[in-house]
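Beneath this line is the structure, given in structure tokens, with notes to follow.
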Amino acid sequence: MAVFARLAPRCACPGAREGIGGLWRSFVSSASGLCARHYSAFEGGDTAAAQPPVETDVANLISTIPPSRIRNFSIVAHIDHGKSTLADRILEHTGALKEALDKASSQYLDKLKVEKERGITVKAQTASIVHHVGGLPYLLNLVDTPGHVDFTYEVSRSLSACEGCLLLVDATQGIQAQTVSNCLLALEENLEIISVVNKIDMPAANPEEVTKQIEDVFGLGGEGDAALRVSAKTGQGVPELLDAVVHRIAPPETDREERPFKALIFDAHHDQFRGVVCLCRVIDGKISRGDKIASCGTKTELEVLELGLMCPEPTRTDKLEGGQIGYLVTGMKKTADIRIGDTLHKADQPVEALAGFKPIKSMCFGGIFPSSTDEYESLKKAIEKLTLNDSSVVVHRESSQALGPGFRCGFLGLLHMEVFLQRLEEEFAQSVIATKPFVPLKVIDGEMREKEILSPGDWDEVDWGRSTRVMEPIVLATIVCPNEFTGKVIQLCHDHRGHQVDHSALGSQRVMLRYNLPLPELAGDFYDSLKGCTSGYATLEYEDAGHQDADLVKLDIRVNGETVDSLSQVVPRVNSYKTGKSVVSKMKNLLDRQVFEVALQAVIGNKIIARETISAMRKNVLAKCYGGDVSRKKKLLAKQKEGKKRLKRLGSVSVPVDVFPALLK
Amino acid sequence: MIAARRALRRRGLLRGSPRAETPGLRRGAPCLLHARGATESEGRGENGGRFGGKDPGARSAYVHLPFCKRKCFYCDFPVVALGSEATGTEAEPPIFESYVNLLEREVGRYASDAARGSSGGKKLDTVFFGGGTPSLIPPRQLERVLRRLDDTFGIEWEGAEISMECDPGTFDRRRLRDYIDLGVNRISMGVQSFDDRLLELCGRSHTLREVYQAIDDLHAASPASWSIDLMFGLPHQSLRAWEKTLDEAVAAEPSHVSCYDLQVEEATPFARWYEVGMAPLPDEDTSAEFFKMASRRLGSEGYSHYEISNYAREGHECRHNMAYWRNSPFYAFGLGSTSNLHGRRVQRPRKYKDYEAWVEDHDRRYLELEQRGSGGEAEEQVVLDRLLDEVMLSLRLKDGLRVAGLDETFGGCGIADVEARIMDAVTVHIEKKLVLLSEDGKSIRLSDPEGQLVSNSIISDIFCKF
């Protein structure tokens, strides 16, 4: 399993690499049993959660602000460039938060443990705040966006709820891969972009250079819209920033009176007391408690049970109107019933759907198994709970000969899968074994019939003909790194079947490379290798770029002649021998010797391409065993027994559970 | 003095305890009878209670004599090192006297048992003096211990096996005769290796010359049975060196040979110096070869491989050790020793001071133990432990484990399908000929040498089923 998780690389710091090994270790050591608090603002407190939010002065004030004094905006940035800190400062400055945040509780909007740990935002949050300019109150809706690559679609929906965005760049780091991709998304949505250079209080800050980069790369800046300079940490420049939001970003175009109610759902989460809570941007018209609504996508009629504003705590109001951003509760039980990007309307007043809606599509699949079969039920419950809040995960049952009963889950991407696994472990204390992510492939036969392959097991069901084509998804990857690593990065991309699309300088120190890469290549150790060969300095971001023909083969692993299903993989033909060899030799190193000889073979079709033999264990310790030794000896054997009880079977061979992560990597 | 000892022995012979005896439990009796039956037949004394009292099934006693000239580099036994001057011929270190006093006290705790209403136990059939280096103990002191054992339990002088460990360089012919006169009839001599360099590397306090001298003395004194203890898998030990050691051992014509695989124990100098499987310790394959070579060589010389580490001429198997492997109850006395009475193993403290306090506090400790025991320790766990002990110990023996009948024995105690579970665990091993099924199909044993070499793996596979 690999990943992109560490797309949250803590940027320039080479020491910040957190290998997948680390993640697995944390899986095994689990235990914290951290409760699943903070799915949403609603679930924050224990008793508070049960109580409905109440109207406040702020909410009352907001309801009086006309659309011309509303500004909807979001912040886009590379990881750790200070987005969450800036959001905290903005909330403080506008008085939305009563007290300044201390370090421990900082980053108000990043609520999940995994978000704080990795510095990424998994679930977007939103806040409505009031800022006074020229004595007039303005309503600023800050729409937070998920901060990682797999949620590009959600990011684009969040951005489409805004008229403008802040492009935040770290003055010590300059433009990074994610800055580029997010900025491109914002440009696609035709947003007004305010570039902001952050961390100007740092000794290493170089705002001039970074400002120039922004001009060079994005063509932003110049008279009247020069990059703002702030320090999110100290709050320096934040008031000016808010003024700029008011002055430079257009108010929403809306018609509250004449046009029917129409709203964009840009986020939804599950609340244990209310069911599904949707965050939406009201485009036109208004909606009140008790109204009947429906969505263009599902047509299901629903009653609005509660609505309100995020101030930033959910605050109940009587109505939501054009230009506003708020939440709706309709009594839906599962987030799967709601589709991000869908358009809401009154049940009796259908409207034309907003553009840009896309159904969810799994970009990678992974098998998830309990590390001990008697934990199946608790894993099932945990997955059910977690998917309540993340409807983008597709879950099927699966049973593996080696790993027993488990699940096959589809994810939006590799990081999404990794974050999901981490949350299973941290929030639900599940100890799981996950297979290597599998990127779905398309197989097209002679009659142009398309079949999707979702796991290596599906490969066997393909009726191969002369003209059968296999297509694999590719991505356009953006890599930013210091000049001196360019050669290594190019070599790495080449080794991973990449094709260069762009190679340009980012100022004098750094370079931006863009490559078309097969997505399956990223499911391996690509990211680790990239970080490794650039001393941790490279940043990576990627986006969908369709499919391309691929010459792939299925590689099976046999243990004493038996094929082990969970170890099968589909690999490029050119690398198949190398991969086969490395898999069996890795297995040889990982597996303990058995009391009999074990033959490991890598097989393509019926052809054995690599083999290793683990010789039989020759001898245990044959200690003497007299009166006083009996208890000690038995303890030793009992310990071995505990180890063995946690064994899984690979064919005829017993293997401790903890070798699986490495084996399946 | 010798005459007095002879007299003692005669007295023992003559005395033939008149005490009433509870019928001992037959071996293989239903599991709980061993633990529970004893309780019922014995009742509870007011002080020691049943755990502190005699076990009617126990016919063996182990006595630990912890003194050594120096501690060997691999040894993690409770040992009191006296320095190399403490040979048997020098003046007697005062600690012997005080230690034997302690032993007398500990043994004596069982003496008043009859007075407390216990029906007592059977006479001892085996006594084993282990160490340490028991041969450092002057015969006078050994006599005191034997006398106390005889007074307390009675020793079945006619036919009892009385073993004693002796190390070369700590005894002479005369001293050996003294021990034999006291009743010792089996000597187990810790030779370890017929290679001076290896003896030195192991920190042994004797030389090869002393080994040959000791063998001559043994032939002269001629105890009924004697054994040579050897070790393999020592640092820098080659297969050739081991072959030579086996040759020399066979040439000495002992009635019994023990071959121990070196185990690197924590907190020993060996553990600090060496890593298992790495030079200068042998790798796994060589280590296995040592074992096979011993099995082959001693087998061809007419020694029966009756237990994983033990070989004997017919009739010279160590009965005391067989009691351990047959999971029979036994008494134990002395520093760090472990007794197995009333279905419970109890280890005495390994430190001298703690042991002293333990003897002092003997009755109270047993009472506590009993209260804890009757305080709801899961009966099923006790039974399961007993079953696993039986599996583990029986499979070390040539005769193996009698599987048939285990359902009957343990089924009533809440452990179902014992036989099926065991057979299920060993099916794969039977296929690979690591485990052999007896002709009547009722017993299993480990094959010699292949199965024995991986005994832990096989036994823990069986443990997994419970």
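Keep in mind that glycine also has a Cβ here, set from the backbone N, Cα and C atoms.
TrEMBL entries are annotated by machine, without manual review.
Per TrEMBL, GTP binding site is recorded for A:77-84, A:144-148, A:198-201. A 10 Å cutoff on Cβ-Cβ distances gives A:A77 (GTP binding site) a total of 25 other Cβ atoms nearby, all chains included.
Per TrEMBL, the feature domain 'Tr-type G' maps to A:68-253.
Around the Cβ of A:K83 (GTP binding site), the number of neighbouring Cβ atoms within 10 Å comes to 27. The 10 Å shell around the Cβ of A:D80 (GTP binding site) contains 24 further Cβ atoms across the protein chains shown.
DSSP assigns A:K83 (GTP binding site) to a helix in the three-state reduction. Residue environment of A:T145 (GTP binding site) contains 29 other Cβ atoms, counted within 10 Å of its Cβ in all protein chains. When pLDDT values are averaged over the domain 'Tr-type G' (A:68-253), the model yields 82.
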